[in-house]
Amino acid sequence: MTLNIILLGPPGAGKGTQASRLEDEHGMVQLSTGDMLRAAVKAGTPIGLQAKAVMDAGELVSDAIVSGLIGERLDELGPDVSVIFDGYPRTAAQADALDGILSARGRTLDHVIELVVDEDALVDRITGRFSCARCGEGYHDRYKLPKVADICDVCGSKEFKRRPDDNEDTVRTRMVEYRAKTAPILPIYEARGIVTRVDGMAPIDRVNDAIETILGTAG
């Protein structure tokens with residue numbers, strides 16, 4: 001069964017983690033417009049050359065070019081590969097364009113899954129995280145400190161780092177931006193009855209189980 005899904009969630013909700021698990025466990029492919037754009041420009045595809053010319057001129061890439069990128073990538077993958085859309089669509093016009101792109105290839109949008117988070121809890125989750133500067137092992141001030149203070153459990157390094165944008169102001173600004181971006185498209189998909197919300201603050205395995213159940217891929 002080929003699935004076409006949109007996975008929504010603000011930064012820090014665990015969207016990337018869940019998309020990666022679906023890729024690893026079910027062979028699904030995550031379609032990130034940013035990644036596709038960079039890949040097309042690097043490969044010098046017809047759409048990529050169009051996009052490069054626009055960006056070199058300091059202009060925003062049009063919906064038509066983004067739609068072309070998605071169509072190009074779906075054609076590369078073929079009809080039997082399930083896909084996860086990330087960062088697209090963000091407007092009603094893009095949602096309409098996506099319908100056309102999928103329909104032209106015998107596909108339909110099956111599910112829109114939103115990872116819902118509590119804003120205060122998300123601030124706590126993000127502002128407390130840090131990682132080993134050498135191996136990248138992740139830690140948290142409240143939930144996962146190194147077993148021996150200031151020494152990485154995995155590689156023994158004493159050097160740790162935090163992302164410069166892991167601060168409360170940035171997190172709350174991103175939440176506002178996320179709501180603004182999803183506001184135009186959620187009602188469209190809710191009217192079709194294909195939106196399901198999952199508690200993004202639950203443990204990773206539980207979130208994955210909920211998504212698997214929605215998609216019918218559990219077990």
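Backbone N, Cα and C atoms are what each Cβ position is placed from, and that goes for glycine too.
As recorded in Swiss-Prot, the features of this protein are as follows:
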BINDING   G12, A13, G14, K15, G16, T17, R129, A202  ATP binding site
BINDING   T33, R38, E59, L60, V61, G87, Y88, P89, R90, Q94, R162, R174  AMP binding site
BINDING   C132, C135, C152, C155  Zn(2+) binding site
REGION    32-61  region 'NMP'
REGION    128-165  region 'LID'
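Listed binding-site residues: G12, G14, G16. The one with the lowest count of other Cβ atoms within 10 Å of its Cβ is G16. When pLDDT is averaged over the region 'NMP' (32-61), the result is 88.
Spatially, by CA atoms, the binding-site residues T17, C135, C152 include one closest to V61 (AMP binding site), and that is T17.
Nearest by CA distance to C152 (Zn(2+) binding site), out of the binding-site residues G12, G14, Y88, R129, is R129. Taking DSSP states H, G and I as helix and E and B as strand, the region 'LID' (128-165) has 0 helix, 12 strand, 26 coil. Cα-Cα distances to R129 (ATP binding site) place none of the binding-site residues T33, Y88, C155 within 10 Å. Annotated Zn(2+) site C132, C135, C152, C155; additional same-chain residues within 8 Å of its Cβ mean position, judged by their own Cβ, are A133, R134, G136, E137, D153, V154, G156, S157. Neighbour counts of Cβ atoms within 10 Å were compared across the binding-site residues T17, T33; the minimum falls on T17.
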